[in-house]
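Asker: Got a structure for you, questions after.
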Amino acid sequence: MANTVGGILSGVNPFHYNSSSPLTLFLFQACLILLVCNLIHIPFSMMRQPKVISEVISGVILGPTIFGQIPNYTNTIFPTSSIPGLNLVANLGIILFMFFLGLEVDIAFIKKHLKKALVIGIVTLAVPFGFGCLLAIPLFHTYANKTEGERHIKFSVFMVFIAVSISVTAFPVLCRILNELRLIKDRAGIVVLAAGIINDIMGWILLALSIILSSAEGSPVNTVYILLITFAWFLIYFFPLKYLLRWVLIRTHELDRSKPSPLATMCILFIMFISAYFTDIIGVHPIFGAFIAGLVVPRDDHYVVKLTERMEDIPNIVFIPIYFAVAGLNVDLTLLNEGRDWGYVFATIGIAIFTKIISGTLTAKLTGLFWREATAAGVLMSCKGIVEIVVLTVGLNAGIISRKIFGMFVLMALVSTFVTTPLTQLVYPDSYRDGVRKSLSTPAEDDGAADGLDSEGVDKTEINTQLNSLADVSKYRIGELTTVINTTEAISPSLKLLNYLSLGVSPKPKNNKHKNETSLSRMTTATDSTLKSNTFKIKKMVHIWSKSVDDVDTNLSVIDEKLTPFEGVGALRAIHLRLLTERTTDLLQSSSLYNDDPHFTANTDSLLQIFDIFSNLSKIPFSSEVIFSTMREKAANIATMKMDSTDLILLPLKGASYEYRGSPVFIDEKYANFDHIYSHLLGLNELSSTFFKSIFQSLKANFAVQISNTYGRLNADRFKRKRFNLLLPKPYLTQSDYLGLYLLLLICYRDGYNNDNASCSIFINSKNIDFAKDLSTAFAEHDWLNESTIKIVDIPFETKVPEEAIEKPSFIETVLDVGLSDTALADIEETTFIIGEDLPDESEPFSEEVRTVIFEGSNRRFDTLIVHHFSSE
């Protein structure tokens, strides 16, 4: 006893299993399992594979197949006496998993797509079930009841179980694949989601039937009793208890909470454990009781999402991986040592995959899908994953199948799950999906496109789509402004910029008695001008005949305004780009959001509600969307959004920030180099290392990155003058420079209407001698544009030559040193520097000048707006 208390210091072997202290070895086993699972998942995650594959493979590696071949490994690390402890934790995890699976079943969504879901779900279950019954015949005669001491299994029980194993579809894995491939909003994805729920429910019912048949011990009367009791228990839970629980939660205002209270969570867990206990003692399995309990939790106000978010972390991180790793430990591939064994393995894989694909494809085609859509639906329905492993483990523990058959079917589950994602991408590529969306677009949208009108009736043919000169800038217009919200901290700087860029219904300009006729001129130094003139030229009015019915009847002409590129009503779209993790909460939220009308997405997302309020106040047409994406797929998700070449995609990012570490003084740390701030940017905003390279190369619209470096300030002076500075460092202007100029002019124009008194300046390479004159000529009809509106400052600057050994200051460093006045430097935190970015080198995410601006902005605490113009030429 003394040695036991003393531990390893007293000579106790920590790998010796002690029944009086089983926790010691269990902790090591759990750490080993979780470590191997996460290491193996790294390469599989890059191939878009679900984590269950890594967890099962980890168990296979740690089990008798590989590590088990090491002498004394199994007796030391996983002794037989320690397995019950692992199984206890694993079974607790799978009970919670089945409860979460019940929470995922959306009855309202099934009703909405009931016809297609029933047809596809039943057919994709019935056809593989029938072929599974045929496969069970040779399997039974070859492997069943061959080992002495094993439980004798009837053929009917064996056949039902094998057929269920062949025919099930893994709904949780299916839902995650739909999210990762961005199919959950497509017609094929919606059909598969509904059919997967039907298939899943019916599969669990059939599995329960096989367990009941095996537990009845040959008595038909017992079988009937178990079936009746199970059905009665389901009715009790699904009707009186379900409505009673909803009534109690409403009366206690539980559904209105941001997260469930501990008491409500405890009561729901109590309901789940009671149901699992009851189904276990009547001879079914505790997982079915947990599944039934998940079905009765109300979905009002996304309560199931909030409940799952509160409960799921420890089960998903610890318990469930241990369950699937234990399933892998039971796989001994060394038992498959005959040719016929591998013949049955390949036959099982072929039957499981192709019966699902063929039946799903034909049925989906009959319901109205295109051939490739239907094929994708069939491929997705062939996914096995988590559910298959649970089914097989239940069958192994019940003695229905042997370890050899268990190993065969685990291989089938791994292969069928592994091929689902690449096969879906092969038969249903992005290019084909875009064509399907266009063919399914509404006639109203097609008519609008054919008429050349945007959402507000502005003639698109009069809007220039290219930016090759200052004359093009005067005719340019942004189609739709889309802001992609990646983090909560990006909301405030995004709204500040949108307040200047938004093209809402403009108020009428104030009349001024005195008109400033000063033209644009160049300045060699920067000085603060007087308050900006609010003078705006009276808009040109043209007489046109009205196209409205009322005016046609009265035969009256009306006066209409000819909108300039800086006027009119442009639409605003807000995209909440949420990180898709392994959490069940993300799956519940994504599936529930896409069940609603997409025009009302803002009502279900608190971040989008902020932009909805902003658009209402600004009188801007507004739409919104929530996109769940993995970190690796964020660039692809943004690039595949519906957009035109003249749209502007704005991505606000959180940059450098002040830190408060317990003292009343803020910590303002400086960055040593660009790589330091760049890694900080990626980490803060949950972006992959290839994000910017991918987005610049694949996005088919204008793109702007806003980096806010002033987050964390307290008591900021809200009345300081806002400053917007455009940097034109090249001796010539590129298309992205022209886009930056257009945005600066747009900010100036809107600022004149709003009377915000912002300062707008252009810092240009002094080699662009005729820039001011050319700008005045191009905007001769725009009297609002003069030197009181915008300042042009010459910056003597020589472009760096790579071969030169002497380090020269960058353009932004020169501007900060000699181009800004003392007042402007004092207001540097209220300043946004705009710079154009053409396609950077493949080896770097940004060009050298842009990298310098980002670096200086992070250390000097000014905001940066990097713009890139997309050219279809």
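Here the Cβ of each residue, glycine as well, is placed from N, Cα and C on the backbone.
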Asker: If you check Swiss-Prot for phosphoserine, which of Ser82, Ser557, Ser592 comes up?
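Answerer: Record annotation (Swiss-Prot, phosphoserine): Ser557.
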Asker: Of Lys116, Lys562, Lys693, Lys800, which one does Swiss-Prot label ubiquitin cross-link?
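Answerer: Annotated as ubiquitin cross-link in Swiss-Prot: Lys562.
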Asker: Would you confirm whether the transmembrane segment (24-44) and the transmembrane segment (83-103) meet the contact rule of 3 or more C-beta pairs below 8 angstroms, pairs 6 or more apart in sequence?
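Answerer: In contact, yes.
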Asker: Do the transmembrane segment (317-337) and the transmembrane segment (155-175) share at least 3 Cβ pairs under 8 Å, sequence separation 6 or more?
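Answerer: Between the transmembrane segment (155-175) and the transmembrane segment (317-337), which are separate recorded stretches, there is no contact, as judged by 3 or more close Cβ pairs.
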Asker: Helix, strand, coil residue numbers for the topological domain 'Cytoplasmic' (397-404) per DSSP?
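Answerer: For that range the per-state counts are 3 helix, 0 strand, 5 coil.
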Asker: How many of the residues that make up the topological domain 'Cytoplasmic' (338-341) does DSSP mark as helix, as strand and as coil?
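Answerer: Final tally across the stretch: 3 helix, 0 strand, 1 coil.
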Asker: Report, as numbers and ranges, every residue of the chain located at least six residues beyond the topological domain 'Extracellular' (363-375) whose Cβ falls under 8 Å of a Cβ in that stretch; write 'none' if there are none.
Answerer: 115-116, 119-120, 123-124, 186-188, 191, 357, 427-428, 432, 436
